[in-house]
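Here's the structure, in structure tokens; my notes come after.
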């Protein structure tokens, strides 16, 4: 600083105005002047005790202007004394310092309108220490009412001291300096730098120290949030690395053991053979282990892939499932008592249903009709809150609390205006577009709905009360009365000024608009100290805030106006490209529900087509290959014969040709189609079976509608698929078993017996021939009536149907324990539908099957039973051939023998082990969430809107931290909430939220918190004498905004103790409530930007008496949330923060944002998934173990089902399928269908055995034989019943226009079907053949095996091995 001898001024006094601007100072090169007493008092009051003595370079008028400017700044910076003091010192020195000329240099003058010479520009030389210290003391001050920073208003969002001073020195006659002020950082000539030591916001001096909210350096550090530890070994997680290492070691050990075991076994068998040859003359009892147990069922047939020995002879045998070492043992194979009871029960049920079909139809359909009465109460739940959120969930309760205390969150109508994609320029702000947008907004303001003529003013949110203005956030709102035309030449400067100081461009609803609320896509700052160039933004954002309500009438009024707005904006979006080269996207409050319903409607034809394709496939293939008569030519052979004879028909020598060759069939004009194409068809039966699926779904829907359980769109789309998937294979199994019974005991069962060894009859893949044996009457097949055959078929397959249906019903029913309504309702509907469908199949379908069998045997045409086609008259010399389907032949001859080879088993185990490891690794890539765009049609206008929302929106959703149970009228209660005062608790609510904002990458909080308690107390600051005012004559009466200043004074003026940052002079108790009520009705304006009506009018909920605060909220905003993981992270972070505040302050605090209730599911969905699948697998284990009679087999089945679900989840990670409520439902379905794939195979395996212990020397061969039988018996039905049916149906679903159906139905179901088929028909047979439990016979209901065994035992003790099953060309084939 200069010495006292150098005291000199550079400017002093005022010399008029330039136009309508502010007073301009006069250049003055003279000594400072000693103030008089009155001026001295004013100067000291404004600039402090430093001016209590000595001359000054300013006049009283200048000090008055300076005081008014400082008071305006005080509204934004008064809570931080250091910034306030620096602000005062900086501009008092600039205006009044007696050493002014040493650091202020007038560089240019001008002539004012009064003809005087005034200052035009100056240089203010400021040291780097001072400018950076000044900036640092002010940079963190919050402007709570705008959720922004004071620096945005006083410094233009500057990032350093130079930018801060440059903004304040910019010429702005309306909002800023009346002349430009430049701030050189280096002195020149005789000038020196202004180098006053800055006040620090972290000073220990109470006169300077700022609160944590405004000074980061004084904030206590929060501990880092706890996060799940991420353990990695290179690019792999520790789990992936561990399981991969375990898999590699296991495969190596397995392969090593496998090779060694084969070598040792071959060596051992060669040793046995040498011993047998040497002892042949002395003993006939020594043989190799492989030959000792070749008498097991099918053992000889498995010899070629089970051992290298050749056959040494056949052992004694009885019949299917009863080959034993000793014929005495063959009479009593292992029995399962529960299975015996079930078989007898199903036998009686089948016999009754087949004997009385019409009675069954009448009784059952009457019951179904009664259940369908419930359709009168049928309703579809469309409300997403009630659909996805449990009524008792935390977020649901918190939302209802918020709605009750503060009113429902607003209905947002949002519009994006961007440059059309074909345009060369990218900046959306042009004067023409601003004019166009103003016209559009004026049209929306006057828009009327039909039929009630509602306007925007009838439905909008008005923070200033019913007579106030609507909240419309737009760039146009920065212009007075939305009048853009008057700013044609200076619109950029005006917008720029409003961006820098929004509080000086208040819209008509009197809340400051930050640029990030109305603009988007601005380029980032080129350097760290610069602000973003919002003038180059790529999008304009317009928000219409419509009031929400709990009153249905208010909601209906809002929706009616929103429909009119949607129609108008549709027209605007169509015309915008041609009018202003812009693209318009939008969403109204009714848009999402309308488009979702539109998506559902457009998907209906695809879903229906998918059903029809599956229906016709089932109907056409159900009777494929079945026949009840002797062999006849096939369909294609008949066409070939007809085509060959057609030329002869038109030949002139036709009559000669017909008589010359007696072996040639006569030619006809129409082909002679095979009889079984018409009679053996089961098209009607198939359609009937599918209609039972529809009836079961309808009956379940009626039943649960009676219980007031609402349906959902997921239920409507998925349940029929599910029931068809789990029910159609039961139909196939029943029909195929009835066909097998017909082959054994039907009309053609005794047409002939084999008389020589000329036809093949292998029990298993390698036994191709057997020696002839004499047939007698006792062993000939016995004809049985249709009712008896159907009863036997149901006795055999009924327990299998019970096993699968009961397992699925219990598994689905346990899903109802999940509190999420969508999952719970789906589980109930699924369980009910599966259960009812199973009942219909074992009753009504059995009756229909009996009618169809009688029709077939009577030679009546399918679909036209009145037409009868008698069979050809022929004499049979041998056994008629029974035609089996292609799948049955493929499995019998090729697939089953190949799969049961030891080497193939090893490969299967290794491959599926690798598949499991890959799935577990992939599962870790599954993300949570459900992108709202997936639920929309691909051509929906909302798709473009959401794309713009994610790309351009610069601010996230608002979040409210709600406080309940606080004591805001007491000083301790206030200190737990506040953050702008020095005595606030270090970990108060406001301080914690500010600390969390500083780590926005983990907290997702993007803006400072609007703290009502802080702004209320600042509003009471007497220095802001235009805010809280009372009558001078009666301080108990508040002044109105228009009352004269002479009649009013500041509320707390002359109060002892005075208002200060220590909170000593702030009100408590009843006085607090009195002032607060007045603050809540005080409007926001330029004189007092802290009025509470607009910003906090709905932020507090008082009790009925109005003397206590029941609840209040503190508002802030999330950072821009662009992905599902962002939304989920924001939800989780907000709850973590609220819990931390509650723990530290003892207050009841919870967060609320409009999207939280929809993302609440993701806080629990992993646990819900584990719970649902865990309960389902537990039920599978219990039911299968009990009904199969083996815990070992039940455990294997459960494990394979679990592996199927794991595989589906692994594909989810690879195919981009997120985990959400929809995919959880599909995982439950996966479990149910996996049971369907496994249960029939497992029971057929268990029912084909003779009860050998697992560790029996011949146990392995016996298990192989049982598995071969199981695959041959039920493999074709499972493969054609589920796999092909669903794959065909899903192929149609690929045509859907909905991404939701494509991803969560087509992709997941295709994965599920393929995975279920692979695990159920490949892995399960291999594992069961290696470690399945001991089997038991299923022949107890037939009772013929016992008589046959006894007769053979008495007739001949030397039985040769004669397999029961024949190949596809034998009459005894099944």
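Our numbering is plain: 1 for the first residue shown, then up by one each step along the chain.
Every residue gets a Cβ built from N, Cα and C, even glycine.
Positions annotated as transmembrane segment by TrEMBL: 239-260 (among others).
Annotated transmembrane segment per TrEMBL: 345-375 (among others), in sequence order. Taking Cβ pairs closer than 8 Å, the transmembrane segment (345-375) reaches residues 695, 698-706, 786-788, 790-795, 798-799, 802, 836, 839-840, 842-844, 846-851, 1341 in its own chain, all 6 or more past its ends.
The domain 'SSD' annotation in TrEMBL covers 603-851.
Annotation comment: TrEMBL describes 604-622 (among others) as transmembrane segment.
Sequence-remote contacts of a segment are chain residues at least 6 beyond its ends whose Cβ falls under 8 Å from one of its Cβ atoms, and for the transmembrane segment (685-707) they are 368, 371-379, 614-615, 618-623, 719-720, 723-724, 727-728, 731, 735, 825, 828-829, 832-837, 840-841, 844-845, 848-849, 852, 862. The transmembrane segment annotation in TrEMBL covers 685-707 (among others).
Long-range contacts of the transmembrane segment (713-735) within the same chain, counting only residues at least 6 positions beyond its ends with a Cβ under 8 Å from a Cβ of the stretch, are 380, 382, 600, 603, 607, 610-611, 614, 618, 622-623, 626, 682, 685-686, 689-690, 692-694, 696-697, 700, 793-794, 797, 800-801, 804-805, 808, 822, 825-826, 829-830, 833-834, 837-838, 841, 845-846, 849, 1222, 1225-1226, 1229, 1232-1233, 1236, 1240, 1274, 1276-1278, 1280-1282, 1285-1286, 1289, 1301, 1305, 1309. What TrEMBL records for 713-735 (among others) is transmembrane segment.
TrEMBL lists 751-782 with the feature region 'Disordered'.
The compositional bias 'Polar residues' feature in TrEMBL is assigned to 752-769.
Note on the transmembrane segment (801-820): residues 342, 346, 388-390, 392-393, 726, 730, 733-734, 826-828, 830-831, 834-835, 837-838, 841-842, 1161, 1164, 1168, 1171-1172, 1175-1180, 1183-1184, 1187-1188, 1221, 1228, 1231-1232, 1235-1236, 1239-1240, 1243 of its chain, located 6 or more positions outside it, place their CB under 8 angstroms from a CB of the stretch. Among the features that TrEMBL reports, transmembrane segment is placed at 801-820 (among others).
Under 8 Å from some Cβ of the transmembrane segment (826-851) lie the Cβ atoms of residues 346, 349-350, 353-358, 360-361, 364-365, 368, 371, 685, 688-689, 692-693, 695-697, 699-701, 703-704, 709, 711-712, 714-715, 718-719, 722-723, 726-727, 730-731, 734-735, 738, 786-787, 790, 794, 798, 801-802, 805-806, 808-810, 812-816, 818, 1172, 1225, 1228-1229, 1232, all in the same chain and six or more residues away from its ends. The transmembrane segment feature in TrEMBL is assigned to 826-851 (among others).
Annotation source TrEMBL lists transmembrane segment at 872-891 (among others).
Residues or ranges marked as transmembrane segment in TrEMBL: 1172-1190 (among others). Residues 336, 338-339, 342, 799, 802-803, 806-807, 810-812, 814-815, 817-818, 823, 827, 1197-1198, 1201-1202, 1205, 1224, 1227-1228, 1231-1232, 1235, 1239, 1242-1243, 1246, 1332-1334, 1336 of the same chain lie 6 or more positions beyond the ends of the transmembrane segment (1172-1190) yet place their CB under 8 Å from a CB of it.
What TrEMBL records for 1224-1246 (among others) is transmembrane segment. For the transmembrane segment (1224-1246), the residues of the chain that approach it from at least six positions outside its boundaries are 336, 714, 718, 722, 725-726, 729, 733, 799-800, 803-804, 807-808, 811-812, 815, 822-823, 826-827, 830, 834, 1165, 1168-1169, 1172-1173, 1176-1177, 1180, 1184, 1187-1190, 1193, 1196-1197, 1200-1201, 1204-1205, 1208-1209, 1266-1267, 1269-1271, 1273-1275, 1277-1278, 1282, 1304-1305, 1308-1309, 1312-1313, 1315-1317, 1319-1321, 1324-1325, 1328, 1332-1333, 1335-1336, judged by C-beta separation under 8 angstroms.
Under the heading transmembrane segment, TrEMBL lists 1266-1288 (among others).
As annotated by TrEMBL, transmembrane segment applies to 1309-1331 (among others).
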Most Cβ pairs under 8 Å with the transmembrane segment (604-622), selected from 239-260, 1266-1288, 1309-1331: 1266-1288
Per-region confidence, the domain 'SSD' (603-851) (mean pLDDT, whole number): 70
